Amino acid sequence: MKILAIESSCDEFSISIIDNNKILTNIISSQIKDHQVFGGVVPELAARLHVQNFNWVLKAALSQSNLNIEEIDYIAYTKSPGLIGSLIIGKLVAETISLYINKPILALDHIQGHIFGASIENEFIYPVLAMVVSGGHTQIEIINSANDFQIIGSTRDDAIGECYDKVARVLGLSYPGGPILDKLALKGNKDFYSLPVLKDDNTYDFSYSGLKTACINLIHNLNQKKQEINLENFAASFQYTATNIIEKKLEKAIKEFKPKTLTVAGGVSANSEIRKIILKLGQKYNIKNTFVPKMSYCTDNAAMIAKLAYEKILLKNKL
């Protein structure tokens, strides 16, 4: 069973081909350099660049897999969430291929894809407790199968990735700022700057707007007083505050839902502190099937969509 998957929800256009649960190729066309000058992703530019890039990405994926397009059995693509223009390009490419080779097409969820991207090299044992962290999402999910996802907590305002990027921008760091803050934090003192501790209420929801505002106000106040900001210490203080609440909420979820697998997914799953938290909690609560995704599967890629499609088709064929 060969599946060709397309991921185009933001500023990456990616095509992956999977053959019976083995990833044959995962080609990614990244636009980071094109958007850096603007300090963030420009939706119209992202969609136009997808149009320019999809042809060579498709050719490269087929060439690397040593396959002809007619040998593909299923087409899968990201339907949502994401930038509308970018999603439409991926959908059009997927539908065109599907019509051309007369093969079934699957429209899949981007976040569910991220979750199953974590299982590419480590198979899930259900139930799965997944921490989803990205530019647009901060949520905890319980997964019982490729068709059974339960969101038990989500962001009420800003997502953690958005908070990272906005704080980095105010500090004068380049885009994307999250990875830069993470690297700086490794060398800093988390107790150097005083930031408000995020509230741990009785829910599994998250809120990062208060932390974002507090950071921006502190930076502006220090600048007005002409006090030098130690970037490493600021990053460490910010990162500790941003991730500490994740550890608390996850620990509570582990006690309540008793998962057999613990993992993390989404672009911010590349964050060093969050990865440490996942592994630490897995060890503390003896969840033997605890793992973090390979770094190349953290950011947007089509391999995660291919894996989700494979698991959904497998489940359907068993029924």
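Glycine residues also receive a Cβ, built from the backbone N, Cα and C atoms like all the rest.
These come from Swiss-Prot:
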{"type": "BINDING", "residues": "His110, His114, Asp300", "note": "Fe cation binding site"}
{"type": "BINDING", "residues": "Val132, Val133, Ser134, Gly135, Gly136, Asp165, Gly178, Asp182, Asn271", "note": "substrate binding site"}
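In this structure, the C-alpha atom of Asn271 (substrate binding site) lies 15 angstrom from that of Asp300 (Fe cation binding site). Across the fold, the C-alpha of His114 (Fe cation binding site) and the C-alpha of Gly136 (substrate binding site) stand 13 Å from each other.
In terms of C-alpha distance, the listed binding-site residues Val132, Ser134, Gly136, Gly178 place Ser134 closest to Asp300 (Fe cation binding site). Within 8 Å of the centroid defined by the CB atoms of His110, His114, Asp300, the record's Fe cation site, lie the Cβ atoms of Glu7, Ser9, Thr78, Gly82, Ile111, Gly113, Gly117, Ser134, Gly266, Gly267, Asn301, Met304, Ile305, excluding the listed residues themselves.
Annotation note: His110 (Fe cation binding site) sits in a helical segment as assigned by DSSP. Counting in whole angstrom, Ser134 (substrate binding site) lies 11 from His110 (Fe cation binding site) by their C-alpha atoms. Secondary structure from DSSP puts Gly178 (substrate binding site) in a helix. Shown are the binding-site residues Gly136, Gly178; of these, the residue with the fewest other Cβ atoms within 10 Å is Gly136.
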